[in-house]
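Listed features, source Swiss-Prot:
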TRANSMEM  26-46  transmembrane segment
TRANSMEM  57-77  transmembrane segment
TRANSMEM  102-122  transmembrane segment
TRANSMEM  139-159  transmembrane segment
TRANSMEM  186-206  transmembrane segment
TRANSMEM  239-259  transmembrane segment
TRANSMEM  278-298  transmembrane segment
């Protein structure tokens with residue numbers, strides 16, 4: 001595609017702006033780093049967790065969307081860096097319309113997809129809390145339905161938002177949304193943000209219900225304690241994860257909207273303003289890195305508390321001896337390898 005000389009000069013000024021260059025390198029590094037804790041948590045923690053199948057399905061889909069977003073940003077930022085290194089002509093810095101449209105779709109799709117899942121988690125957790133004593137036996141139907149609905153709804157919204165865009169403006173960043181679609185995207189971001197704020201209100205109520213559930217643990221039978229303890233711990237994890245996600249997304253939306261509409265009030269140079277606006281998009285990959293690390297850490301604490309609760313549930317008599325015996329051999333197995341011994345927990 002042929003571009004005007006002015007478009008190529010503009011592309012050169014934007015591509016080699018120091019702020020834009022810094023955002024590219026930071027985005028590449030943080031996206032790369034975020035993939036490892038996310039995949040680690042998915043494969044070695046979440047997939048092996050004792051969460052109910054409905055909640056696990058939603059969480060797996062949520063973390064897969066985060067991994068996909070980080071991989072997308074890693075690919076686009078690396079491509080932008082390579083183009084700035086190997087380009088011999090100013091016009092070579094401009095991204096072709098077709099790849100720009102494809103990667104821009106993926107960026108928006110995975111960005112917004114992850115913001116739908118907190119609402120799904122809240123719906124699932126309310127159902128779990130209302131049926132806590134028998135939820136363990138509930139069929140795994142709600143989770144897949146909520147995930148399928150989220151994916152389909154988000155796909156239709158993003159597809160209709162971008163389907164008529166030609167992407168012929170000549171941009172140097174895959175994250176840049178065409179002017180007409182940008183207004184729709186920002187409106188969509190704000191709507192999602194306020195929906196998530198409403199979700200926070202329900203999550204606070206859910207947290208209060210969860211505290212009441214914790215009190216029930218003291219006066220429940222051993223069999224019921226196991227079920228209630230799992231609902232309590234998984235709900236606690238869910239609420240904190242949702243709150244962190246919404247805070248991060250709120251910061252992202254605020255930064256993007258502020259620098260788009262008010263950035264010129266504090267940054268007069270348009271090239272530097274463009275660089276700052278692209279830098280604000282690195283908030284989400286940074287969140288992905290933090291949430292992957294946080295989830296693994298929180299899960300470790302949850303496991304330790306669950307082990308402690310298991311021992312405390314029965315600490316006297318024959319069952320108490322079995323619990324103590326199992327705990328000792330669990331520690332021994334973790335140090336010296338597996339031992340062929342059957343320990344029954346009563």
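Using the three backbone atoms N, Cα and C, a Cβ is placed for every residue, glycine included.
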Winner by Cβ pairs under 8 Å against the transmembrane segment (278-298), considering only 26-46, 102-122, 139-159, 186-206:
26-46
Does the transmembrane segment (139-159) reach the transmembrane segment (57-77) with at least 3 CB pairs under 8 A, where each pair is 6 or more residues apart?
yes
Top Cβ-contact partner of the transmembrane segment (102-122) among 26-46, 186-206, 239-259 (pairs under 8 Å):
186-206
Apart from its near flanks, which chain residues at least 6 from the ends of the transmembrane segment (239-259) lie with a Cβ under 8 angstroms of it?
114-115, 118, 121-122, 125, 186, 189-190, 192-193, 196-197, 199-200, 203, 206-207, 210, 273, 276-277, 280-281, 283-284, 287, 290-291, 294-295, 298
Intrachain residues whose Cβ lies under 8 Å of the transmembrane segment (57-77), provided they are six or more past its termini:
24-25, 27-28, 31-32, 34-35, 38-39, 41-42, 46-47, 51, 103, 106-107, 110-111, 113-114, 117, 120-121, 124, 140, 143-144, 146-147, 150-151, 173-175, 281, 284-285, 288, 291-292, 295
